[in-house]
Amino acid sequence: MVDLESEVPPLPPRYRFRDLLLGDQGWQNDDRVQVEFYMNENTFKERLKLFFIKNQRSSLRIRLFNFSLKLLSCLLYIIRFWFVFQIFWPSLRNLFVPVFLNCWLAKHALENMINDLHRAIQRTQSAMFNQVLILISTLLCLIFTCICGIQHLERIGKKLNLFDSLYFCIVTFSTVGFGDVTPETWSSKLFVVAMICVALVVLPIQFEQLAYLWMERQKSGGNYSRHRAQTEKHVVLCVSSLKIDLLMDFLNEFYAHPRLQDYYVVILCPTEMDVQVRRVLQIPMWSQRVIYLQGSALKDQDLLRAKMDDAEACFILSSRCEVDRTSSDHQTILRAWAVKDFAPNCPLYVQILKPENKFHIKFADHVVCEEEFKYAMLALNCICPATSTLITLLVHTSRGQEGQQSPEQWQKMYGRCSGNEVYHIVLEESTFFAEYEGKSFTYASFHAHKKFGVCLIGVRREDNKNILLNPGPRYIMNATDICFYINITKEENSAFKNQDQQKKSNVSRSFYHGPSRLPVHSIIASMGTVAIDLQDTSCRSTSGPTLSLPTEGSKEIRRPSIAPVLEVADTSSIQTCDLLSDQSEDETTPDEEISSNLEYAKGYPPYSPYIGSSPTFCHLLHEKVPFCCLRLDKSCQHNYYEDAKAYGFKNKLIIVAAETAGNGLYNFIVPLRAYYRPKKELNPIVLLLDNPPDMHFLDAICWFPMVYYMVGSIDNLDDLLRCGVTFAANMVVVDKESTMSAEEDYMADAKTIVNVQTLFRLFSSLSIITELTHPANMRFMQFRAKDCYSLALSKLEKKEREKGSNLAFMFRLPFAAGRVFSISMLDTLLYQSFVKDYMISITRLLLGLDTTPGSGFLCSMKITEDDLWIRTYARLYQKLCSSTGDVPIGIYRTESQKLTTSESQISISVEEWEDTKDSKEQSHHRSNHRNSTSSDQSDHPLLRRKSMQWARRLSRKGPKHSGKTAEKITQQRLNLYRRSERQELAELVKNRMKHLGLSTVGYDEMNDHQSTLSYILINPSPDTRLELNDVVYLIRPDPLAYLPNSEPSRKNSICNAMGQDSREETQL
């Protein structure tokens, strides 16, 4: 160790300031060479340059002094201060010094000074400002030089003054040339020729550069000034590509709110503005409010142009029309990160496509994941019809004026109820709910609806961020609670008029005459006067789950009464539910109950396919199913089934046709397997996928009961038959990602529309729910070319669009019935959250994407003949609030379509047609003939034109044939009519089923729903009459909120009580 240390050379001495000046004497004998770098910077000139570069203010002062000196010299030349020196030196009188040429040096100094000024204040002006400054300075220098030169050279002539020289220059350069002032000397003429040549060369170059910069500025959009950002309010919209539909949806929804009228919208887009967008932004209504900037959100310079740090909010939207949606999400994530880094205090409203990318933007204030909402909404459409239409109408801003000029009554009701939206108000500040402080939630909801017509759906405590939808009768309203309600307009925009309620003493009594007419005392009950005797059990049927009706003609038997809604809930009357119990267990036999308990369990899914999914309590299997058993059409060692029919399902199927098994599809299964769904009502789910799913997705769905997948396509009839389409309750067709982008935008839905139309023709009784990319393509769903009723709806849609309606497509029958949905309609949810920050949370709770303890869920119930004694919506509201604590929010109604005839009703014979045509004796026969012929040509497109012409020719020649020949022709005509296109399609389906070895039993080829129309009434008026087969939307309280915490010994009795009244929760 000593030897090694002795061999190490000593360290050089530490350099001190003296060593740097004198040098190190100890290292002088070394062989090293000292190298000096940047020797050219040691000169005085380079040091001076470096000084001015580092000290912008000093450089600016020197240039300003130089510019002032040159400008002062030009000014002294004008006032002839130079001739002061000629007084003392007469010999200098003949000496001419062109001092006025210093203006060009002043121009050059001005340009340098502007550059130093920008560096000194650390701001960069636009190139347009610099070019305009150069043009103006060049023009002034040119005119000033011409004025001074002409004035000097004309001393030997007319001796023009400066004003005459200015006049001459302006007239000459403007090409007017009056000729009253002209140069006389040859030198002045030559000077004018030279100046004109210079002007013709210099000025066009300057104007060309200015025009080019102006065009580029128009493309990029310029800047949003700092002064406007500090004095005005604006929001920034960041998109990768701006389409006209996206722009109009945003502007119409954003400016639909009165308090946003003075806001400005700054659009930041990396692409150039297209022709349609440019044309729209030139409209005066939008040109004064919308500013388009071409730039990227990843550049701080562009964010500075948009004044992102002063913006009220930033909306970042994804491009859903790209084939690679994951790449689109990555771009959205980077934009969100860039905006958050540049402006940390700016609220972010982000739209994401894939749920697995949502956790990257958890810092955003509001996030809408497209696939989460889409699949959850499509799933609820299968159990609560038209949920997509219900949510779409709730998140759109409307005043309920659509369809009020229509002659159709259903369009007036549907349009008026579509104006209902969700609003909020503090309880103690509300006229609607202030009087219900200290009362139960259901009491406040019922009486507010009875008195004001508003529907209270949820509350939020002041010290809690979670919103509770229908927390139930145990929830007591506080003065500081925030109430969420559905109404046409918010309370602040409502006027209240006190009306004296007069009781009618003389009420005529009438008897019950079927479901359409009721005794008068039920009308009194609908106005809030209810019976006092509430414990009468004789009104309930001992054998059935519904409320019994009074016997016809019996005056002594009193009608069933509706219990009042209690101010404070009675714990003994609240129907409770156990965590592990089921609402339908009482209806099963002992063997079925044992088998179901062994098969299913309730709990949280053990595996989630992506990060950020909200845990939901679901029906699960005790053990996960092997992956081989999830394949529907392939047998394995565990089962030998190869088609859906062989499984023998008790309930009808729900089939989902998608391209790939994305993580968003997981949100389709969870709402259909939620714990509050009765076990006997669980529908088998079949995923019809174009591509095989990956192992991660199978690992997530293998814990759910009755979930299968099959590789196939809706283009193939054999795949549809194998997956059980003939006995399916619903068929959900998801828009394919590979077809979302097309050369023509609206052609992205072409393949989906044609495939659904094929399904509609082959399986007319199947309920098909379709997702489209563009809402405008809804008019092609279930398309019938010569349907007069569809043409009338098309005209109505055009009228509503001309009036400026945001929901012009709402009267299309497929949308009103909930059979078609476009995810772009949910873009307004993100826009509306700027004003209503609670809308995303409420929508997620309604769709089951989030589960908050104590918050209710969305479900539905159907009105049967035994329930029509309730008669009105107000009485139904009272019945539900008093019995189960449910809060109704709307009605899904189905009516017969009067103006058209469905294909299944084509049953007229040739003889009847001939008789109708030939008989003209009675007027009603003539009208029947006209209606039948017109309907044959327009309303029955499936009867082919050649067949009709042939039948007419045969009918004209009928009387000329003999009896046998006429009978033969008549038989041929009957066979011709029966051989319709519908029957050909039915035979095709049956032949394929026989070829595949499938049973044709249960295939109903003639039952369809084309003769009916369905629509939604959101929060209808209390006096709305209930009709048969109405589906009522309910927000049911959370069953887990009624669990007794301190009395576990009552578990069995609670389950028994729940078993006795379980059916009353789903039917009246």
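A Cβ is built for glycine as well, from the same backbone N, Cα and C atoms used for every other residue.
Between the listed ranges 494-516, 885-907, 1046-1068, TrEMBL ties the annotation region 'Disordered' to 1046-1068.
When the ranges 390-409, 950-969 are checked against TrEMBL, the one recorded as region 'Disordered' is 950-969.
Taking DSSP states H, G and I as helix and E and B as strand, the domain 'RCK N-terminal' (651-791) has 60 helix, 29 strand, 52 coil. Confidence across the domain 'RCK N-terminal' (651-791), taken as the mean pLDDT and rounded to a whole number, stands at 85.
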